[in-house]
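A short worksheet on the structure shown next.
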Amino acid sequence: MMERNLHRARIISSIAATAISLACGTNYVYSAWAPQFADKLRLSTTQSELIGVAGNLGMYTMGVPIGWVIDRNGSRPAVMLGSALLGIGYFGLKVAFDQGDGYVPLLFICSYLTGFGGCMAFAASVKTSALNWPHHRGTATSFPLAAFGLSAFFFSMFGEIAFPGDTSAFLLVLAVGTIGLTFVGFFFLKVWPHPNSEHRHHNHAGGSLGESGTPYQSVPGVLLADSTELRRTTSAPSRDQFVAKTSSVHTDEEIGSNSGEQNVVADGEGGVGDNLATHPKTLDTDVPRRGDEEAADETSSLMSRSSTASSLPGEVLVQSIDLDRSHRVDIRGWNLLKNTEFWQLFSIMGILAGIGLMTINNIGHNTNALWKHYDESVSEEFLIGKQQMHVSILSVGSFSGRLLSGVGSDYLVKNLKASRVWCLVISALVFCAAQICALTITNPHFLLFISSLSGLGYGYAFGVFPSIVAESFGIHGLSQNWGFMTFSPVLSGWIFNFFYGQAFDAHSVVGPGGERTCLEGIECYRPAYFFTLGACGLGLLVSLYVIRHQRLQKLREAARGVGGE
């Protein structure tokens, strides 16, 4: 009965984590209300871009400190603080819109708080899901990850149905909705112990002794799980001296022929992790031994817990990485910054993610420009509805891209024995197609090709990138390495969005009341997409170069006798 109740409680906690995550991806819905916000406050497109980028900064730059705070203080305080920050940010933006006036730096701070709060609550929800389901972390964390990706779709569709054409009401929906989902979820988000944890703690305390006079200890999870369990390795000196003697109980065949590859969940844009899956034959040196069923609490670090999948607070999924190489290689810190391949991948990440963020933040401006040129009689309510529709398409496209990247990268690695970086080549080609569409489509009815392809390319790149980072630089430093990597979209996103704003402002006419309007259709933003098309070509070339570089590196490793399958 107790086990059944705990199982039900963990399911409820996972539902709460999913609901919280649904409130955390609202930065991607910015383009649904940005044009009207800029018009009402008489902001230039460049100023509007800075406000949108501020939300991205809050999401991407605070992952490392947020992960550290959650490890020290638990998940629930982070959810409550994140809820407050989301509310303050969106209510501040709503008040500014209603008053028709706002100090740009203050608007920047409000937008930053929405990203910061979303990152904090999302990181907490992912970690709680991972701790509640140590044997099924991949599945458990996939739900909040999916909810985060569909957040923009959910809010934009709700706003279009409930408050069509009302930007003030939509900002209120964002404020109340994000607070409500996170606040209610807070009461149900909890790490629950596993049913046999009390029995093990009793034995560890010396309550029962075996025939040899030593305390009974539970059989390690690696011997009990239906699938291969992954254990954290010890430090390098201890790891060389302490190798698990599991072969006497399970042969390699019994452990599984696929022990070299496992699914690992990582976080995304803006997150850092606290759990890294490692070699299945290496065990902790902790005495007494701690298994998966050990009682967990909100300050438990995922680093010390075994898993078939490890979680990093964010929105990405690490798919079936090559554990042989990822455990042999350990590049981090200053060594990472001195590594040529890191800067190559950093550049690719910046180019592809920056291109995606430009369209994500500006699809609303694209919509306005094309429709006002196509039909000057369109109403404001009609335009807002179209903006929200394209935000929804972007959100679904990004979600689909993340799913396809997992399947596609696994197929490339397992079936074709190819580099996972080919997925970045595919993403670059998709982005090239999106830029060509943006440069040629003048009929707003076909604007969906731009939004769908941009969302697909963005999701495809972000879905596979953490796996590439883990395989290139090692699983042990994935959290900090991914944290460094996510600074790239911050820089490139600002550059691309600033360039878009400058191009749009150059073709806009300032009205008597200070409002800015561009009626030139595709010419309003075409220069920006010429720039991003060139960047796509550069990203494609760098991706192909990285594939060649990795192939030569593996050949050198094989020649030295340290590579090989």
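From the backbone N, Cα and C atoms, a Cβ is placed for every residue, glycine too.
Annotated features, as they stand in TrEMBL:
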- 233-249: compositional bias 'Polar residues' (COMPBIAS)
- 281-293: compositional bias 'Basic and acidic residues' (COMPBIAS)
- 300-310: compositional bias 'Low complexity' (COMPBIAS)
- 230-310: region 'Disordered' (REGION)
- 12-30: transmembrane segment (TRANSMEM)
- 77-97: transmembrane segment (TRANSMEM)
- 103-124: transmembrane segment (TRANSMEM)
- 145-163: transmembrane segment (TRANSMEM)
- 169-192: transmembrane segment (TRANSMEM)
- 342-360: transmembrane segment (TRANSMEM)
- 421-441: transmembrane segment (TRANSMEM)
- 447-470: transmembrane segment (TRANSMEM)
- 482-500: transmembrane segment (TRANSMEM)
- 528-547: transmembrane segment (TRANSMEM)
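Remote same-chain partners of the transmembrane segment (145-163), defined as residues 6 or more beyond its termini with a Cβ less than 8 Å from a stretch Cβ, comprise 18-19, 21-26, 28-29, 32, 122, 126, 169-170, 173-174, 177, 265, 268, 315-317, 384-385, 388-389, 391-392, 394-396, 398-399, 402, 459.
When Cβ distances are compared across the two stretches, the transmembrane segment (342-360) makes contact with the transmembrane segment (447-470), since 3 or more pairs at least 6 residues apart fall below 8 angstroms. In summary, the transmembrane segment (169-192) does not lie against the transmembrane segment (421-441): fewer than three C-beta pairs, each 6 or more positions apart in sequence, are under 8 Å. Counting residues 6+ beyond its ends, the transmembrane segment (103-124) has Cβ neighbours under 8 Å at 20-21, 23-27, 30, 41, 43, 47, 50-52, 54-60, 62-63, 66-67, 69-70, 75-76, 78-79, 81-90, 92-93, 96, 144, 148, 178, 182, 189, 267, 270-271, 313-315 in the same chain. Same-chain neighbours of the transmembrane segment (12-30): 52, 55-56, 58-59, 79, 82, 86, 90, 111, 114-115, 117-119, 121-122, 124-126, 128-129, 132-133, 140, 143-152, 154-156, 174, 177-178, 180-182, 184-192, 315, 360-361, 391, 394-395, 398, counting only residues six or more beyond its ends whose CB sits under 8 Å from a CB of the stretch. Distant neighbours of the transmembrane segment (528-547): 341, 344-345, 347-348, 351-352, 354-355, 358, 419, 421-422, 424-425, 428-429, 431-432, 435-436, 438-439, 496, 499-500, 503-504; these residues of the same chain sit at least 6 beyond its ends, with a Cβ under 8 Å from one of its Cβ atoms.
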